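Before any comments, here is the structure.
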Amino acid sequence: MRSDTIKTGFEKAPHRSLLKATGTIHGKSDYQKPFIGICNSFNELIPGHAHLQELGRIAKEEVRKAGGVPFEFNTIGVCDGIAMGHIGMRYSLASRELIADSVETVAEAHRLDGLVCIPNCDKITPGMMMAALRINIPVIFVSGGPMKAGHTPSGKTVDLISVFEAVGQRSTGEISEEELETIEENACPGCGSCSGMFTANSMNCLSEALGFALPGNGTILAGDPRRNELVREASRRIIDLVEKNVRPRDILSRSALLNAFALDFAMGGSTNTILHTLAIANEAELDFDFSELNGLSAKTPYICKVSPATMDVHIEDVDRAGGISAILHELSKIDGLLDLSVPTVTGKSLGENIKNAEVLNRKVIRSIEDPYSATGGLCVLYGNLAPQGAVIKTGAVSAPMMHHSGPAKVYDSQDDAIAGIMGGDVHSGDVVVIRYEGPKGGPGMPEMLSPTSAIMGRGLGDSVALITDGRFSGGSRGACIGHVSPEAAVKGPIAALRNGDTVTIDIPGRSITMEVSDEEIADRIAGLPAFVPKIRKGYLARYAEMVTSANTGAILKTPVSCEPK
């Protein structure tokens, strides 16, 4: 066992003395057992994590029953909703790398034999997953579960996005202060990851397809007794995974990655999933290119439409309809789309996991013969505005905006854009451009939920597009095109755009262009001053110096001194 490094032999007497002092060692026989890290992310700032302390307790109890010695430790976490619209959002994506590094540090420093990872919200799941693949010791994931959708006294279904959009409605006088307060009070009824197919739930669903989590991980509600049982089962499974030395890189193959992307496209997951899955693939040293996504999307039908694409369906409805296993089972009917032979943490193949799944509600999970669209709910656009690509959640775009051409309304920061939108400077037909908000420019590639919600709340969702080198919340809807690469801070073409330039978006044609000649773009770029970093000290300054482009997952580049020669 790896943990023998810190517990076996007379030389390790000091180590054992310290371990005993933790109160976790119950006797000498514990030194013969695997040491299992319970990698929790409990904190009281994130509603999706406020209940995880109890799940950690259950995991420790079950690991000990199964023959292991549990050691719980925590990672940090950022609530994207609370961090939204201010400097805090610049720390959100950057926290993914901190989480990965911290999990790596604890597991390696203490020679843990395996991990039970308990994430839930946006950057915590991919951060833990990146660490798992980096250290490559047996790991199983079990998330905290989704929040229930809210309901107003009148019976209207609401969620967090309803509140953001209600702010825009309040700014126009469409709703009263009292109506806004009613939505605010009822949108988030309890703990759990926000209730739609936003980033957190998207990643927890993808964990099933990747093979790292048990069936049900993505959809069983936080308050459901089945969630506690899922934690118990996962905590028992880790002992078997350790004994058989089944490691993350044994599970995550290129085929498993393609399975996850197919699921992502079929359920219209958050655009952030592409960013995170590319980063995960990088840690696994898998050869996968951003440009491959459109080919897979073209053969994957969009069969499960969930909030924010529609307010009629939330994650709890997907669970009642059969969950992720039912979606995968439906997709398995398409010859060659899924590789059902890939292994999973259940000890069975993906095909064995889903063979008995069935769709229980065709209004929630459609058949492959009757999809919302024949192609997936996410795609990549290319053109002279985004030579290295840009991402859009097609499943949340209204029909009138699938093709759009209009004058650019350019803002060099999210704050300026919000002020412009709320101040009435954006009109029907415009293309709002928010730049210098990419991985380096932001820094941290902040999400644009506030401006997109303002556009929707002001009734412009069917007539205004938004383009950015930043990101979007999984809760954004409308013609929201993000991850524009290269970003403005490295003098990508988006930096050349000027107010009034015509921008043309053709989503079915997968293109995004500005009606400016290549020569004019080059001249404008040549005349730009050098980008001045917005933050010059602390973690974000270091992050901005090392982060790479969105089309490679916004991972941190390896310092030159660490590169193999």
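Cβ from N, Cα, C; glycine included.
As annotated by Swiss-Prot, active site, proton acceptor applies to S473. Annotated Mg(2+) binding site per Swiss-Prot: D80, D122, K123, E447, in sequence order, evidence recorded as sequence analysis. Among the features that Swiss-Prot reports, [2Fe-2S] cluster binding site is placed at C121, C194. According to Swiss-Prot, the N6-carboxylysine annotation covers K123, on the basis of sequence analysis.
It is D80, among the binding-site residues D80, D122, whose Cβ has the fewest other Cβ atoms within 10 Å in the structure shown. Reduced to three states, the DSSP call for D80 (Mg(2+) binding site) is helix. Contacts of S473 (active site, proton acceptor) defined by a Cβ separation under 8 A and a same-chain sequence distance of 6+ are given as D80, M84, F198, T199, S270, E447, M448, L449, T452, in order along the sequence.
Comparing K123 (Mg(2+) binding site) with C194 ([2Fe-2S] cluster binding site), their Cα atoms are 14 Å apart once rounded. Listed in sequence order, the residues V78, A83, M89, S92, L93, C121, T199, A200, N272, S473 complete the 8 Å Cβ shell around the Mg(2+) site centroid, once D80, D122, K123, E447 themselves are left out. For the recorded site, C121 ([2Fe-2S] cluster binding site), the DSSP three-state label reads coil. Contacts of C121 ([2Fe-2S] cluster binding site) defined by a Cβ separation under 8 A and a same-chain sequence distance of 6+ are given as S41, I46, G48, H49, G77, V78, C79, D80, S193, T199, A200, in order along the sequence. Cβ neighbour count within 10 Å across all protein chains ranks E447 highest among the binding-site residues K123, C194, E447.
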